[in-house]
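Taken from TrEMBL, the feature transmembrane segment covers B:7-32, B:68-90, B:102-125, B:131-150, B:181-200, B:233-253. The annotation domain 'ABC transmembrane type-1' is assigned in TrEMBL to B:62-251.
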Amino acid sequence: MAADKARKETIGAVRRSFAPWTDPTKTPLIRFENVVKRFGDFTAVDHVSLDIYEREFFALLGPSGCGKTTLMRMLAGFEEPTEGRLTLAGEDLAGVPPYRRPVNMMFQSYALFPHMNVEANIAFGLKQDKMGKGEIDARVEEMLKLVKLEKFAKRKPHQLSGGQRQRVALARSLAKRPKVLLLDEPLGALDKKLREETQFELMDLQMDLGMTFLIVTHDQEEAMTVADRIAVMNNGVLVQVAPPSVIYEQPASRYVADFIGEVNLIEGTITQASHDETRISSPVTRFPLVVAQTVACKAGDTACIAIRPEKLRIALEPPADPSENLFEGEIWDIGYLGDLSIYHVELACGQRIKVSQPNLSRMVARPISWDDKVWVTFAPHAGVVLT
Amino acid sequence: MRKGLTWFNITSIVLGFAFLYIPILLLVIYSFNASRLVTVWAGFSTQWYWALLENEQLMDAAWVTLRIAFFSSLVATVLGTMAALTLTRYGRFPGRTLFSGMIYAPLVMPEVITGLSLLLLFVAVNFDRGFWTVLLAHITFTMCFVAVVVQSRLVTFDRALEEAALDLGCPPFKTFFKITLPLILPAVVSGFMLAFTLSLDDLVIASFTTGPGATTLPMRIYSQVRLGVTPEINAVCTILIAIVTVVVIIASVMTKRAENQRQAEERAAMTG
């Protein structure tokens, strides 16, 4: 128990202060420099520059076909960049074949060798390195223990469950202690509950092994949970690279705001742009809107406010605090999820916004019901101005 | 709807199998005939099988045939597998359509034409006809069958398996022998067996391309039958039928088993 607590405290300390990307003296482990990849006329990856640091858990997030997998496959060596440079620990990877790169990949389909048992699958990479038999056996045993599959060493892949196969694939890709572990949609085939558990296991594993993990996923929750930093990709371009909380709270564009989580976008015109305060008038409400943010715009520019549903509040009475931003509307629909209620509010202009409220007390009869006139408010620091 | 056997079904099955197998059955039965007269049954005997061992002409022909069948199907398997790999793997190289069309052409090409064109080739390059020309001809016409069988397996092969091997530090050549070949082996073996049986009973192409000293068993049988059917011929044919049957059964059982295993693996992968 004491050891557990001590371990947890160290991990906590490392996690709290881990931000090598803010430290200009640190050299990145992986550098994509203006990397372009074209397949015929199609540009899969378009001038991507990206630095990934040692011990980082980095996520590439985007819809299917956005180029995230191609980016990862270039690092593994299955694709060569059409233009640009890719370095790993200062070494240019151009022309280095996949079997000579110090990176290993966990495949989406797991790609376990069906004709080999669990042990042989894990030992496969080690044998290629001409490692001694004793050493291989010891490492295989260590890996089996790590993924808790000691009892299944002699089984063939088709005799395992999906979750077990996923662990074998993980053990196999970790066995060679690569400089970087690449995970291609590693949890896609697992059911929701197992997936959530495994996400936390992956995080602990990455911490304990002190390795650099690069994960490709289209599941934003997964990326938010596991990653130190997320790169959001769209159409082969990096849209934003930042820690999960920044991606969520300060999205750089409408695309990011919309892609990550739920968002209400309120269009308007900037009436005043001063330090730490932007005033916007919008056709959706007769009240002026204030956002506590400095923007590089001037009065008269069009802009939009992105506001998350959970940062809006809903009430039957107008608020007492005059500094709050205010909308008037009517309840259009209510979704009761148990822990939360989602209110769809139709504003006077016809636009509908989503408000989510935690159901803090047990109340069978709802205080707010269909067709009620409601007031929706948010604090100046709750929204983000996007141009 | 009524399932099971109706009178119609039973009749069709009996008629169909009778049509296919009565001639063969007759041949097998008469190979155990004690009489020298083929059409008169005179009691059970295995004497003609023993007589076969004395018949040097037939034994020689059988030996030539077996050697040709073995070596031609071996080479055809290697070449056919390579062709199948190229066709499924290396994307759209210039001339791919032409190449894939050309590899399948011998499947539908009349044997007479294949035989004749090979004969012309051997005459043109002044190649002495005999064992080697029959061997080459058999490689040519059985290779495409191997390619078809292997290709159908490769289409469903998960390339990620090879990528995983490469990723784990295994060079491409070694990956082929460690990962790809073991997994497609059932298809390669059934390709080999198919080629073997095709070569074993080929008469037309062998007759065109053979020369002195390289008479295959089907050719020997054919020439002897023209002088009258002997019980010895019946015996040798029975042995031939037995070999082909065994090989075909092994090949189909292997294919079936590999197919079942793959399906089980896929099912497991789907349900997780």
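Counting starts with 1 at the first residue shown.
In case you wondered, yes, glycine gets a Cβ from its N, Cα and C as well.
Among B:7-32, B:68-90, B:102-125, B:181-200, B:233-253, B:68-90 has the largest number of CB pairs under 8 A with the transmembrane segment (B:131-150).
Between the transmembrane segment (B:181-200) and the transmembrane segment (B:7-32), the number of CB pairs under 8 angstroms, six or more residues apart, is fewer than three, so the stretches are not in contact. Among residues of the same chain six or more beyond the transmembrane segment (B:7-32), those with a C-beta under 8 A of the stretch's C-beta atoms are 38-39, 41, 44-46, 48-49, 231, 234-235, 237-238, 241. Residues 96, 99-100, 103, 131, 134-135, 138-139, 142-151, 154-155, 157, 184, 188, 191-193, 195-200, 206, 216 of the same chain lie 6 or more positions beyond the ends of the transmembrane segment (B:68-90) yet place their CB under 8 Å from a CB of it. The list of residues near the transmembrane segment (B:233-253) in space but at least 6 beyond its ends in sequence, with Cβ under 8 angstroms from a Cβ of it, reads 24, 27-28, 30-31, 33, 38, 48-49, 51-52, 58, 62, 189-190, 193-194, 196-197, 200-201, 217, 221, 224-225.
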